[in-house]
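Engineer: Sequence annotations record features per position, and here TrEMBL assigns active site, nucleophile to Cys9. Look at TrEMBL and you will find Arg15 tagged as active site. Annotated active site, proton donor per TrEMBL: Asp120, in sequence order. Look at TrEMBL and you will find 3-146 tagged as domain 'Phosphotyrosine protein phosphatase I'.
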Amino acid sequence: MFENILVVCMGNICRSPVGEKLLQYYFPEKKIISAGIVVEESGLVGKTADPKMIQIAKQSNLDISSHLAQQVTTIHCNQAELILVMDKGQIELVHQLCPASIGKVMLFGHWLIPQLEIPDPYKKDISIYDSVYKKLELAAYHWKQKL
């Protein structure tokens, strides 16, 4: 069904790298990548994932240590058949970047009840990173059931 999936967050160093790896685990046959909306303007291009998120992911045997942040581009959006974002505001930002993405963008937490936005843990306490990781893990599991 969806063979090319793009996972998007703001900086591509916390949420989307985890979402990408979790979906790759569930769907090894699919092309799944992640990118961020403000990577270039934040000076994050080529940066590794947030150390706190690397630590939290490692506790669940998920390795995101080799991840390097990249800016989402119109090419990414055009190639993706499904674009998963972390919050409702990012839906509009992706649509502005790539009008062809309309109809392809959904929340990563779409199948959670209630439908859930996944907050940005950046620069917050490690317990927030853990909470966000668990939401991503549960949301990815629900995508496994639906795709």
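From the backbone N, Cα and C atoms, a Cβ is placed for every residue, glycine too.
TrEMBL annotations: computationally assigned, not manually curated.
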Engineer: Fill in the CA-CA distance, the residue listed as 'active site' to Asp120 (active site, proton donor), as an integer in Å.
Structural biologist: 7
Engineer: Give, as a single whole number between 0 and 100, the mean pLDDT over the domain 'Phosphotyrosine protein phosphatase I' (3-146).
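Structural biologist: Within the domain 'Phosphotyrosine protein phosphatase I' (3-146), the model's average pLDDT equals 97.
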Engineer: Quick check on the domain 'Phosphotyrosine protein phosphatase I' (3-146): DSSP residue counts for helix, strand, coil, in that order please.
Structural biologist: 61 helix, 24 strand, 59 coil
Engineer: Could you give the Cα-Cα distance between the residue listed as 'active site, nucleophile' and Asp120 (active site, proton donor), in whole Å?
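Structural biologist: Distance (Cα to Cα, whole Å): 8 Å.
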Engineer: Restricting to the chain of the residue listed as 'active site, proton donor' and a gap of 6 or more, list residues whose Cβ falls under 8 Å of its Cβ, or answer none.
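Structural biologist: Cys9, Met10, Cys14, Arg15, Met86, Val132 - these are the non-local Cβ neighbours of the residue listed as 'active site, proton donor', listed in sequence order.
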